[in-house]
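First the structure, in the form of structure tokens, and then the observations on it.
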Amino acid sequence: MTIMSDIIAQRTILLIADFSSIIGCSLVLIGFWRLKLLRNHITKIISLFCATSLFKDVISTIITLLYKPDQTESGFPCYLHAIVITFGSLACWLWTLMLSFSIYNLIVRREPEPERFEKFYFCLCYGLPLISTIVMLSTHIIQPVGGWCWIGDNYDGYRFGLFYGPFFFIWGTSAILVGLTSKYTYSVIRSSVSDNKDKHMTYQFKLINYIVVFLVCWVFAIVNRILNGLNQFPTVPNVLHTYFSVSHGFYASITFIYNNPLMWRYFGAKFLLIFSKFGLFVQAQQRLELNKNNNNPSPIMRSKNALDNGADSSVVELPCLSKADSLSLDAENNIETPKENENQNHHHHHHHHHHHNHYNNNNNNNNINNKNDMI
């Protein structure tokens with residue numbers, strides 16, 4: 001295969017990954033805009049990640065379509081592509097790290113007001129990438145490197161210092177935070193007396209699967225760069241590195257939609273509306289439309305509400321994100337009629353009051369998962 005064929009193959013992979021990421025991130029942002037029940041501290045971080053990824057992928061796609069693969073001179077499109085890759089990728093990684101930290105903060109450290117860190121997140125997630133980008137531009141090290149433009153092949157020190165060094169740190173720190181969070185939640189679930197342990201494990205998985213997607217999508221980059229450092233340049237790791245690193249936004253978006261029934265009910269109702277005009281899937285469309293705002297609660301007690309209502313802070317539990325902040329992280333997503341939903345809301349309010357009294361009277365750690373914690 002010639003060098004030009006390699007470049008064309010790289011560009012094709014880039015376009016496929018960029019287009020899929022654009023579609024996925026757009027769906028998440030539309031859902032965040034249209035569905036107010038989705039808006040909380042965690043989903044805000046995810047939406048900012050998606051907005052950053054969308055910005056990066058749109059510009060990258062336009063440049064890839066317009067940029068000639070045989071161009072050898074560094075012009076404005078070349079510099080813009082390098083800026084988008086460096087700034088956009090670093091910002092997306094940092095938003096993922098902030099998501100890892102926020103989940104750890106909520107679950108393990110039991111932070112009652114995670115929103116107070118958001119202003120620092122903004123400064124960090126956009127400030128550090130800006131510094132790396134400015135240094136890259138000021139040192140005149142941008143060159144065409146195959147299917148895109150970036151730091152030239154002869155500047156390994158800059159590549160590591162401005163890009164891969166921060167990446168390895170972010171990847172490793174995210175993995176550690178996921179491990180600590182998983183260890184904590186697993187130990188609490190295992191020591192509980194709940195009849196819903198399977199649902200609690202599903203809840204735990206849905207808390208951390210965003211981070212797992214990040215770790216998996218970028219592990220190929222780590223393997224490929226290690227091989228490159230050993231002066232090995234195999235095709236398969238390079239292709240996997242290119243595809244999964246660029247399509248990270250797509251897989252993160254799919255994970256978000258999977259975690260939130262609001263999303264697939266909302267888009268499902270909109271999609272089936274087309275067929276219902278022709279008398280097809282009418283009942284299914286109506287049921288989704290009626291229940292599109294029914295984001296089922298998690299199987300775990302909402303710790304923030306419990307603490308706000310005076311529950312003993314020494315009780316060990318797996319916190320959700322408060323009533324206003326609850327994500328749909330349940331194992332079963334039952335669709336109900338409006339009447340059934342109203343009855344269940346009244347029933348849930350009664351049980352929430354019962355749990356509050358139960359927590360005040362009993363400080364046993366196993367109370368977090370008693371069998372009244374229903375979905």
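Any Cβ shown, glycine's included, is placed from N, Cα and C.
Here is what Swiss-Prot records for this protein:
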type     : residues : note
TOPO_DOM : 1-10     : topological domain 'Extracellular'
TRANSMEM : 11-30    : transmembrane segment
TOPO_DOM : 31-44    : topological domain 'Cytoplasmic'
TRANSMEM : 45-65    : transmembrane segment
TOPO_DOM : 66-82    : topological domain 'Extracellular'
TRANSMEM : 83-108   : transmembrane segment
TOPO_DOM : 109-119  : topological domain 'Cytoplasmic'
TRANSMEM : 120-138  : transmembrane segment
TOPO_DOM : 139-161  : topological domain 'Extracellular'
TRANSMEM : 162-180  : transmembrane segment
TOPO_DOM : 181-204  : topological domain 'Cytoplasmic'
MOD_RES  : Ser192   : phosphoserine
TRANSMEM : 205-223  : transmembrane segment
TOPO_DOM : 224-234  : topological domain 'Extracellular'
TRANSMEM : 235-259  : transmembrane segment
TOPO_DOM : 260-375  : topological domain 'Cytoplasmic'
MOD_RES  : Ser298   : phosphoserine
MOD_RES  : Ser303   : phosphoserine
REGION   : 338-375  : region 'Disordered'
COMPBIAS : 346-358  : compositional bias 'Basic residues'
COMPBIAS : 359-375  : compositional bias 'Low complexity'
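Following the DSSP three-state reduction, the secondary structure of Ser192 (phosphoserine) is coil. When each of 83-108, 205-223, 235-259 is checked for Cβ pairs under 8 Å to the transmembrane segment (11-30), 235-259 comes out on top. Among the stretches 45-65, 120-138, 205-223, the one making the largest number of Cβ pairs under 8 Å with the transmembrane segment (83-108) is 45-65. Scored on C-beta pairs under 8 angstroms, the neighbour of the transmembrane segment (45-65) with the top count among 162-180, 205-223, 235-259 is 235-259. With a cut-off of 8 Å between Cβ atoms, the residues of this chain six or more beyond the topological domain 'Extracellular' (224-234) that come close are 164, 240-241.
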